[in-house]
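Student: Just dropping this structure here.
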């Protein structure tokens, strides 16, 4: 029981809250916070009316019920006092209005007593409203009040010029007009003021000033972009970048705006935005100070040059006129007239010359521009025709392909179409992303051959593939690209080759040709490489017309074959390869020489010919031969691509582990090295796996808290999920 009572007392103590105003502690229900409403008003609003301060709504104030009731009564008292003060302040204003109404009535009573001649009816129309007041109100006014009202009326009339003018007319003027304009005359009353001869000059001046302002507004705005002064310190910079860095580092401005607009308050951080702002909002152009200075200097030079020319012409004419002067004296007036006429004539002549020059220059410029435009048009027409022909494919068009029944077929569109969902996209990159995201194909083959409909992954591979079709169309009987296996032996072909030939290797009859004169002939070295079969080398040498050498230039045919006897060729010049084909591996070349005479020549004769040809070779050819790299090997990637593209009677090979089919032995070796040669060793359990799937699957039993490491020796990557690891092993290793 004691414990229960203690708990109840504790709860009572906790619920009691202390008042901030009177300090008494009461229950939480009888205490009001700042947000609570008492008799339709918040406690904070009541405190603001009493203290005349702005009190935040989140003020942690607590007031008891008694204090809040006293605050409410004091707030009501303050509001009542305000109302009485406002009511008292409004009463004097009403009395002054009554005084203003009484003033014209007293003046009218005085005017009735004294006989006054008639006034202008137009000026007395304002005083007709006085008849509305009773006569007792007018007669009962005291003289003292009249004097006070009259003395006080001009002070109020200063604020209203219309009333002041009317009162002055009624009091002081008889059949006369006096104008007292206000400080600023409105535009609507300028015409009325001009009737009396005043304000005309002002209006003209205003118009001229406005016109000048409009003319000045149309010109470009010049801003100095090479002088930046910090307004907060003495920092000075010539370029914007260091000035921005200074404002960011020293003054803490995150985005400093260093280009202010001279026509408004806005500032900009980039000069381009300032130019756009001036163009769009103010319809003005921007010019730097350097450009304006250059323009001004050019204008000054042009003006000074024109003045100098005019002065020189005037001096010349004066000298001529002085020589041709008659002896008779003329009056000063005639002399001045002659001088003026001469100067005007000189100016007219200069203007005519300038106009003639401009006309001739403009005609020449028009002629040159016309020729240029004609040439440009011709070039553009030829280029457009070429582009149109390039867009049209050589294959036969049908209306069914284009999907139209028009009389003229259209060129195929360059859009890429998905074979799965028939989606058309503009670029190859978009199609690749579409195939990856929508159809989940890792390596999409987007480029398609229009001849054999083979799909390829890159544009370069499509080009190399198209060369195969082009080679097949040009030479259908020639065999396709052959892979030459011996890489270390190079074929060097020169115009002067040393060949050991016998009578058994002669293939054709000798052709006898005689040189008609002893004149020297040009050495022409033509190396013609046919489609992987025949290379013809034609050498025309300088020969002497002797009994021993009656033979003309020899034509040598070098035929590549596998079964003939191999001869190593000495020399240094390699036969150029066609640019469309890829680099091929060089190997042994079997040579069979067809000489130009009836019998096979002796070795001594050939050696003599060789010595002569070497003597006749120019020094430039020798230098070129010496600079040639004889041991050129194709790049590994190009070699592998040529191996992969070759289809010359190759049997397909298959991998004994995964069953993949390849077309060459080197492809199979590279596949074995990449996929099956690497051993995967787990860094956690130290087990070795040959298969990638087994290695990834063993992590279900092995602890994978620290991640899934790549099992390759030199690879240190770690992955969080198994699919990431498997894709890494499949693509990289």
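Note: Cβ is positioned from N, Cα and C throughout, glycine not excepted.
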Student: Where Swiss-Prot marks phosphoserine, which residue is it, choosing among 54, 176, 561?
Tutor: 176
Student: Considering the residues 109, 166, 321, 413, which is the one that Swiss-Prot annotates as phosphoserine?
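Tutor: Checking Swiss-Prot against 109, 166, 321, 413, the phosphoserine entry points to 109.
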Student: If Swiss-Prot is the reference, give me the range from 416-439, 488-511, 512-535, 536-559 marked as zinc finger.
Tutor: 416-439
Student: Take the zinc finger (228-251) and find every residue of the same chain, 6 or more past its ends, with a Cβ under 8 Å from one of its Cβ atoms.
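Tutor: Contacts with the zinc finger (228-251): 258, 269, 271.
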Student: Within the zinc finger (708-733), count helix residues (DSSP H, G, I), strand residues (E, B) and coil residues, in that order.
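Tutor: The breakdown for the zinc finger (708-733) reads 11 helix, 4 strand, 11 coil.
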Student: Quickly jot the same-chain residues contacting the zinc finger (416-439) by Cβ under 8 Å, restricted to those at least six beyond its ends, or write none.
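Tutor: Hits for the zinc finger (416-439): 446-447, 459.
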